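K.L.:
Below are the features listed in TrEMBL for this protein:
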BINDING   109, 110, 135, 220, 221, 222, 223, 279  pyridoxal 5'-phosphate binding site
BINDING   138, 278  N(2)-acetyl-L-ornithine binding site
MOD_RES   249  N6-(pyridoxal phosphate)lysine
Ligand SMILES: *Cc1c(COP(=O)(O)O)cnc(C)c1O
């Protein structure tokens with residue numbers, strides 16, 4: 001029996017079954033590669049779902065975390081730390097936030113959305129508009145913003161007042177944006193829905209409508225933020241400034257941390273002392289990790305690399321002219337490859353057997369969110385394998 005099978009049998013007897021049977025038991029990583037417990041190497045093109053921004057075992061992140069661990073891990077929010085303050089200042093600067101903007105630090109995307117929901121509630125209006133296809137997390141508040149019926153229905157009734165409207169549809173938004181709506185929450189590119197990019201001008205249109213109707217525009221950048229799309233934050237490419245933004249995933253490079261950024265003094269004053277909190281949020285260990293991630297992205301030019309490698313990947317896939325591949329979607333290093341037929345799940349299995357980790361994000365689409373350090377050799381390795389992988393998937397399904 002392989003180490004993998006033995007451990008997965010133990011997993012099944014010990015872990016709650018919410019994730020099904022995991023595909024692999026991973027042991028270690030280096031750069032864009034991970035190894036399983038049987039010593040098999042995989043090219044990690046998913047990066048722990050847009051989390052491992054610097055790849056695995058990055059020397060800067062390892063050094064920063066090691067140093068912080070040896071000094072101080074936790075202090076409680078009765079106190080603060082240099083790392084926490086520097087991280088907040090850094091996020092505000094990278095987000096080009098105006099004077100009076102503020103940061104609340106969390107431990108996950110879901111928690112960042114929970115903070116955003118409380119912000120929305122503070123408008124005094126009870127309605128929140130979210131988008132069809134949206135994913136915002138699994139807690140009962142964040143789940144109310146998440147669209148997928150299979151995730152929601154077993155737990156209803158959820159937080160009241162949330163309505164889902166079509167994404168990338170300004171007419172639908174205008175029709176729904178009544179005086180009861182305190183906030184519009186949306187992803188600048190929908191990640192879990194299959195890497196869905198709205199038309200140019202959509203985010204600017206949402207900004208304009210929300211401003212006119214006095215509702216907050218809250219962008220969920222948990223997946224798109226921290227360089228993933230080639231900008232520090234995806235909203236920046238749209239030339240707008242939201243009222244608030246949520247972050248997590250890539251921020252800590254694998255160390256759990258998230259944030260709510262509130263833009264400007266008015267929005268930032270809506271959550272007053274005592275109105276929100278977190279035991280672990282903003283702890284020095286996670287803050288040091290996030291600072292190292294941001295420093296390394298900047299120092300090593302990883303925004304430009306995300307843009308360049310994203311283009312390179314899309315062009316290489318197009319050049320395959322494979323009959324089963326209908327195209328690519330996305331921006332920077334948040335990408336989907338779409339297929340003519342619903343073969344994505346089998347493609348993902350075949351890819352894994354060939355040594356590549358990807359994610360079947362929709363029946364007809366796979367998602368890639370690789371480390372921002374990825375280079376041409378890794379992209380080439382996957383693209384040259386993709387045709388045969390798709391062929392084998394079609395063969396297996398016929
Ligand atoms: C992953 C994700 C979340 C939830 O983040 P968790 O860290 O899993 O709680 C929220 N919003 C978006 C857009 C995401 O991609």
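Quick reminder: no glycine exception, Cβ is built from N, Cα and C everywhere.
Predicted automatically and left uncurated, TrEMBL annotations should be read as such.
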K.L.:
Residue 109 (pyridoxal 5'-phosphate binding site) to residue 249 (N6-(pyridoxal phosphate)lysine): how many Å between their Cα atoms?
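P.N.:
Just about 7 Å between their Cα atoms.
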K.L.:
Are any of the binding-site residues 138, 221, 278, 279 near ligand 1, with a Cβ under 6 Å from it, and if so which?
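P.N.:
Not one meets the Cβ criterion.
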K.L.:
Fill in the CA-CA distance, residue 138 (N(2)-acetyl-L-ornithine binding site) to residue 110 (pyridoxal 5'-phosphate binding site), as an integer in Å.
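P.N.:
Answer for this pair: 7 Å between alpha carbons.
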K.L.:
Which of 110, 223, 278, 279 (the binding-site residues) has the most other Cβ atoms within 10 Å?
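P.N.:
Result of the Cβ crowding comparison: 223.
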K.L.:
Any idea what DSSP makes of residue 249 (N6-(pyridoxal phosphate)lysine), helix, strand or coil?
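P.N.:
Assignment for residue 249 (N6-(pyridoxal phosphate)lysine) reads helix.
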K.L.:
Given residue 278 (N(2)-acetyl-L-ornithine binding site) and residue 223 (pyridoxal 5'-phosphate binding site), what distance in Å do their CA atoms have, once rounded to a whole number?
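P.N.:
Residue 223 (pyridoxal 5'-phosphate binding site) has its Cα 22 Å from the Cα of residue 278 (N(2)-acetyl-L-ornithine binding site).
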K.L.:
Considering each pair of residues in 109, 110, 135, 220, 221, 222, 223, 279, all listed as binding pyridoxal 5'-phosphate, report the largest CA to CA distance in Å, no decimals.
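P.N.:
That value is 25 Å for the farthest Cα pair.
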K.L.:
Any idea what DSSP makes of residue 222 (pyridoxal 5'-phosphate binding site), helix, strand or coil?
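P.N.:
It is coil.
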K.L.:
Measuring Cα to Cα, how many angstrom lie between residue 279 (pyridoxal 5'-phosphate binding site) and residue 249 (N6-(pyridoxal phosphate)lysine)?
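P.N.:
Distance (Cα to Cα, whole Å): 19 Å.
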